[in-house]
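Enquirer: My questions all concern the structure below.
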Amino acid sequence: MEKTGVVIEIKKGRIKDANLGMIACARAANREVYALILNDTAENFREILEAHGVHAMVEITTGGADHTPWNPEQHTRAIITAMEALHIKALLALTTPMGRELLPRIAAALDAPLVMDCIDVDLEKGLARTTLYSGKTIGTIQVTGSHELFGIRPNVIAPVPVKTKAKMISMPIDTPVSGKFKTVEILPGQSSQTDITEADIIISGGRAMQSKENFDLLFQCAHTMGAAVGASRVAVDMGWVPYTMQVGQTGEKVSPRVYIACGISGSIQHFAGMKMSGMIIAINTNAEAAMVSNCDYFIEGDLFEIVPLLTQRLTQKAK
């Protein structure tokens, strides 16, 4: 049976939920699924991985004089070494900052085809579906090669619980690197909120927010419904919020169950980042805004009046 590797992302000691949909995608091809875990204790995640159908947990530990907490050059070599040793043909990873660092490097080293930002993959046929032209259309791409690599958009593929018994494979790998890449310092993000790529509900603000302070309205509202706060590119460019909150073609591509756009005109670039949302709600004074024609529900009015009312109603409901 062929093997598919899945690069597992771990944050603050837990597996990102988006990994589970990626595992379901790998299992659909009736192949053995190998969960590749970098520099963490795989045994800590046995229960959740076995509950979603993983056949093997591969604990990859990198070492040597060049070892640092994050070195994509070193980690690329480690994953390639594991793929070759375990005869893994296809590799899946999330299109997160980590996935964007690793997948192109691995593809280049293996001279293998790579499709990023996939919304679906058929490993049996070597087909990947991905958004094209700023999200205006969906294309189907066929790949062939000794290895095939796919970047999966977070949260677009639903997890499928399947019980398995996973074997444990420990792979300490000493990977010498060129020294061209060095981690100098790792700084915590400016926002302590949920990663927007994992959020079930996102409330985003655009130019109409007018200031950094006004984003507090969105944070307060988000808190009442367990949501994350996002932003348009202009809000980030103005310095009102950090880049990690940017939704769009040049920011994060998100797929929440509910997306609430507050004062966002809805450019093609922004829509490309959130068009896969389950439900889109637009709050805007301009009924002619592009976002209005692309939303499921439109609330015409001033966000500075509507959002506080929404926060108040949600707070009352929670009591």
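Along the chain as shown, residues are numbered 1 onward.
Including glycine, each Cβ sits where the backbone N, Cα and C put it.
In case it helps, TrEMBL gives these features for our protein:
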BINDING   Arg207, 232-233, 246-250, 263-270, Asn284  FAD binding site
DOMAIN    4-185  domain 'Electron transfer flavoprotein alpha/beta-subunit N-terminal'
Enquirer: Who sits close to Ile264 (FAD binding site): which same-chain residues at least 6 apart have their Cβ under 8 Å from its Cβ?
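Expert: Within the chain, Ile264 (FAD binding site) has Cβ neighbours under 8 Å at Ser204, Gly205, Gly206, Arg207, Ala208, Ser232, His270, Ala282, Asn284, Ala289, Met291.
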Enquirer: Would you say which of the binding-site residues Arg207, His270 has the most Cβ atoms within 10 Å of its own Cβ?
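Expert: Per the Cβ count, the most surrounded site is His270.
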Enquirer: Minimum Cβ neighbour count within 10 Å among the binding-site residues Gln246, Ser267: which residue?
Expert: Ser267
Enquirer: When you measure from the Cβ of Gln249 (FAD binding site), how many other Cβ atoms are you left with inside 10 Å?
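Expert: The answer is 17.
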Enquirer: Mean pLDDT across the domain 'Electron transfer flavoprotein alpha/beta-subunit N-terminal' (4-185), rounded to an integer, is what?
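Expert: Mean per-residue confidence for the domain 'Electron transfer flavoprotein alpha/beta-subunit N-terminal' (4-185): 91 out of 100.
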